[in-house]
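Below is one structure, written out as structure tokens, with a few remarks after it.
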Amino acid sequence: MTDQAEKKHSAFWGVMVIAGTVIGGGMFALPVDLAGAWFFWGAFILIIAWFSMLHSGLLLLEANLNYPVGSSFNTITKDLIGNTWNIISGITVAFVLYILTYAYISANGAIISETISMNLGYHANPRIVGICTAIFVASVLWLSSLAASRITSLFLGLKIISFVIVFGSFFFQVDYSILRDATSSTAGTSYFPYIFMALPVCLASFGFHGNIPSLIICYGKRKDKLIKSVVFGSLLALVIYLFWLYCTMGNIPRESFKAIISSGGNVDSLVKSFLGTKQHGIIEFCLLVFSNLAVASSFFGVTLGLFDYLADLFKIDNSHGGRFKTVLLTFLPPALLYLIFPNGFIYGIGGAGLCATIWAVIIPAVLAIKARKKFPNQMFTVWGGNLIPAIVILFGITVILCWFGNVFNVLPKFG
């Protein structure tokens, strides 16, 4: 079975799985959260986050390879660090998926209502639109997980085409005075203090760790293909993010982000700022298509993951009745939160970053340290000895401190 998987899938497939998982609607939060730090410091902290998340992923892979193919994250966590940490990990995974579902309901409501308003002249209520999109996605998941996967794949293909058209155009229109913030009233001020408030969102932008067990099922224990998938998949995401920052911060002045942030920082506000740069009709159309598809594909991906996680957690069967129960568990809590607090996209992504710090940063580092003691002759060990796990844990603690510093208004905020 493993040999057939190795022949069937090249490392390119794994690279696309990793990159496709992390690149989505969450990328709209990056320029908003990094507006204070602006391009050069923003790029710097994004690279730091990529380095740390790449190595936490490799540490998770290191621990995973000591167990039979198909072993779940729960199995490995329980065996190496005990049931208490396994429960903590399970709670954080569920919270991350729930908060991301809420964030994408919010983003869908905002961007689709804005698209309707711009093209049809009808001002749709974002809350109603958000709930309607949630009902649509819930209906698809109730019918079939395969249908949701196929729709996500279709959206991904269209998203790539529209991305190339739109940002190929914006790339050649970058104004270096805007990129350097030379014309701003705040030009010359320090950008460095603003990097800390963006750390949780930068971390959440590289959350591919849930795919590692799936990659091992696909490739078996061919560590060369697994390592290439993780390294080049996350590196591709980093390059696209840097390109995205270059295009956004080279076209939209830093001062304009204050209005975006004050309006809640949702996807529609950023898109309207892009449209204010006076683009041709085809570029405007492709920008709207890309924005809608980026959010929609992430929404399908996250809710599919949450649906499967809850079905496994509560041992709910795959009948229509069972799937209906799982759909209710998946969508009701975030939908109710959305009705109470509709403009929570940025806060949702940041909150996901906090919880992802535990299960995707700190726990993988601890698992690798424990695995090295339990399996001294393991087949793969991340370079750097115990220094790399220590750096990863330090990064995780820093992100947690920054998140709380942001919540309690200790850190400086832009806007």
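Glycine is treated like the rest: Cβ placed from N, Cα and C.
As given in Swiss-Prot:
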type     : residues : note
TOPO_DOM : 1-11     : topological domain 'Cytoplasmic'
TRANSMEM : 12-32    : transmembrane segment
TRANSMEM : 34-54    : transmembrane segment
TOPO_DOM : 55-86    : topological domain 'Cytoplasmic'
TRANSMEM : 87-107   : transmembrane segment
TOPO_DOM : 108-127  : topological domain 'Periplasmic'
TRANSMEM : 128-148  : transmembrane segment
TOPO_DOM : 149-153  : topological domain 'Cytoplasmic'
TRANSMEM : 154-174  : transmembrane segment
TOPO_DOM : 175-191  : topological domain 'Periplasmic'
TRANSMEM : 192-212  : transmembrane segment
TOPO_DOM : 213-229  : topological domain 'Cytoplasmic'
TRANSMEM : 230-250  : transmembrane segment
TOPO_DOM : 251-286  : topological domain 'Periplasmic'
TRANSMEM : 287-307  : transmembrane segment
TOPO_DOM : 308-326  : topological domain 'Cytoplasmic'
TRANSMEM : 327-347  : transmembrane segment
TRANSMEM : 349-369  : transmembrane segment
TOPO_DOM : 370-387  : topological domain 'Cytoplasmic'
TRANSMEM : 388-408  : transmembrane segment
TOPO_DOM : 409-415  : topological domain 'Periplasmic'
Three-state composition of the topological domain 'Cytoplasmic' (370-387), taking helix and strand from DSSP: 6 helix, 0 strand, 12 coil
Outside the transmembrane segment (12-32), six or more residues from its ends: residues with CB under 8 Å to it: 42, 46, 100, 103-104, 107, 156, 198, 201-202, 204-208, 210-211, 214-215, 218-219, 225-226, 228-230, 232-234, 236-237, 240-241, 244-245, 248-249, 252, 257, 260-261, 265, 267, 270, 291, 294-299, 301, 345-346, 349-350
Cβ-based contact of the transmembrane segment (349-369) with the transmembrane segment (230-250), 3 or more pairs under 8 Å: no
The transmembrane segment (230-250) vs the transmembrane segment (34-54): 3 or more CB pairs under 8 Å: yes
Residue numbers, six or more beyond the limits of the topological domain 'Periplasmic' (409-415), whose CB comes under 8 Å of its CB atoms: 35-36, 193-194, 196-197, 257-258, 260-262, 402
Selected stretch (most C-beta pairs under 8 A with the transmembrane segment (128-148)) from 87-107, 192-212, 327-347: 327-347
Leading stretch by Cβ pairs under 8 Å, where the reference is the transmembrane segment (192-212) and the options are 34-54, 287-307, 327-347: 34-54
Positions whose Cβ lies under 8 angstroms from the topological domain 'Periplasmic' (108-127), at least six residues beyond its ends: 133-134, 266-269, 271-272, 275, 288, 291-292, 295-296, 299, 338-339, 342-343, 345
Range from 34-54, 87-107, 327-347 with most C-beta pairs under 8 A to the transmembrane segment (287-307): 87-107
Long-range neighbours of the transmembrane segment (34-54), counting only residues six or more past its ends (CB under 8 A): 179-181, 191-195, 197-199, 201-203, 205-208, 230-231, 234-235, 237-238, 241-242, 245-246, 249-250, 254, 257-258, 260-261, 360-361, 391-392, 395-396, 412-415
Secondary structure composition of the topological domain 'Cytoplasmic' (55-86) [DSSP: H/G/I, E/B, coil]: 23 helix, 0 strand, 9 coil
Contacting positions for the topological domain 'Cytoplasmic' (149-153) when only residues 6+ beyond its ends and CB under 8 Å are counted: 140, 297, 300-301, 304
